[in-house]
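These notes concern the structure reproduced below.
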Amino acid sequence: MTIKPVSQERLPELLRTIPKAELHIHIEGSLEPELMFALAQRNGVSIPYPDVASLRAAYVFDNLQSFLDIYHAGTLVLRTEQDFYDMTHAYLARAAADNVLHAEIFFDPQTHTAHGVSADVVINGLYRACVDARVEFDMNASLILCFLRHLSEQEAFECLEQALPHLDKLVGVGLASSEMGHPPEKFARVFARARELGLRLVAHAGEEGPPAYIWSALDVLKVERIDHGVQAVQDPLLMARLARDRIALTVCPLSNLKLRVFPTLAAHNLGRLLEAGIVATVNSDDPSYFGGYINQNFTQTFAALGLTAQHAYQLAHNSFEASFIDDRLKRQYFDRLAGVFETFE
């Protein structure tokens, strides 16, 4: 579809208006300090910050591991099914306001089972919020269980076993947490089992890790989509493979900036990925920690890189193409997207 030009003044409004899917959102990373405090009080959990302001000030980190440390500390307040419902509902309300029509939500049950919270409690709370979003926000949402790669293969198998009663509530599995020193092939057998169970497969690769991790995720884990993947540009053969096979990258620009994957947003390679014909998408990753939900990722990245309305259409189209929804719903979303561009002035 050829897109008519939109002025720089009107472009932010277009970016806010376009329908889109979000495919890389860790629900625990959407926990805002205000809700964290409320849940801590509700559950009698002590947190080492006297007020919301001091907690916000603690959201300062310069690499993936230091972020993960505060991220996991924040999850201690999540104890009941209602807590997980409230957190997910808050994200879905915010996403709906950003014109997200479909979200595929990551969650990591191992974080919570380590705190004595059962996988049943986690999944039921998340799923109930997704079901309610269909009526309340006219929004589709599904769940992707993420294994934590710094833990063992055996622990990942145990996590999958605990989720078996809830397979109907899950669309897929993923692989998250600190990448360095934890190559994808560590989890080859777990992903093979998940595939046998009919789950879709994705994995974080090539965020801080090398292009070799992306190759492994594709060829050993057999994933259908790569989360992050920005290091692919180091490998021309990999770039060609991603473009040829329409393998999507769920890119998270503000996350990359916050974790210093790129020194500035202007140095980000999103534009280069699109020019190479790769199915790149824009996502928020852990929005409460990285300073931006999906529309802030769009508006700030477009401003920094000088991207255009044509790029906006391509990224939104890519997000629906790369999603795990059925073809009928994809066509509906493609039509809605085209309609916005046809009528936007």
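Cβ atoms here come from the backbone N, Cα and C positions, even for glycine.
Residues annotated as active site, proton donor in Swiss-Prot: GLU207. Taken from Swiss-Prot, the feature Zn(2+) binding site covers HIS24, HIS26, HIS204, ASP285, and the record attributes it to sequence analysis. Per Swiss-Prot, substrate binding site is recorded for ASP286, and the stated evidence type is sequence analysis. For HIS228, the entry in Swiss-Prot reads site 'Important for catalytic activity'.
Taking the features listed in Swiss-Prot, we show where each one sits on the structure.
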residue: HIS24; record: Zn(2+) binding site; CB count, 10 Å: 30
residue: HIS26; record: Zn(2+) binding site; CB count, 10 Å: 25
residue: HIS204; record: Zn(2+) binding site; CB count, 10 Å: 28
residue: GLU207; record: active site, proton donor; CB count, 10 Å: 25
residue: HIS228; record: site 'Important for catalytic activity'; CB count, 10 Å: 26
residue: ASP285; record: Zn(2+) binding site; CB count, 10 Å: 29
residue: ASP286; record: substrate binding site; CB count, 10 Å: 24
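Checking each of the recorded positions GLU207, HIS228, ASP286 against HIS26 (Zn(2+) binding site) by C-alpha distance, the shortest gap belongs to ASP286. Those same-chain residues not listed among HIS24, HIS26, HIS204, ASP285 yet with C-beta within 8 angstroms of the centroid of the Zn(2+) site C-beta atoms are ILE25, GLY29, PHE106, ALA176, ASP227, HIS228, THR250, CYS252, SER255, ASN283, ASP286. Rounded to a whole number, the distance between the Cα atoms of GLU207 (active site, proton donor) and the residue listed as 'substrate binding site' is 14 Å. Of all the recorded positions in the list HIS24, HIS228, ASP285, the shortest Cα-Cα distance to GLU207 (active site, proton donor) is found for HIS228. Cα to Cα, ASP285 (Zn(2+) binding site) and HIS228 (site 'Important for catalytic activity') are separated by 9 Å. Rounded to a whole value, the Cα-Cα separation of HIS24 (Zn(2+) binding site) and HIS228 (site 'Important for catalytic activity') is 9 Å.
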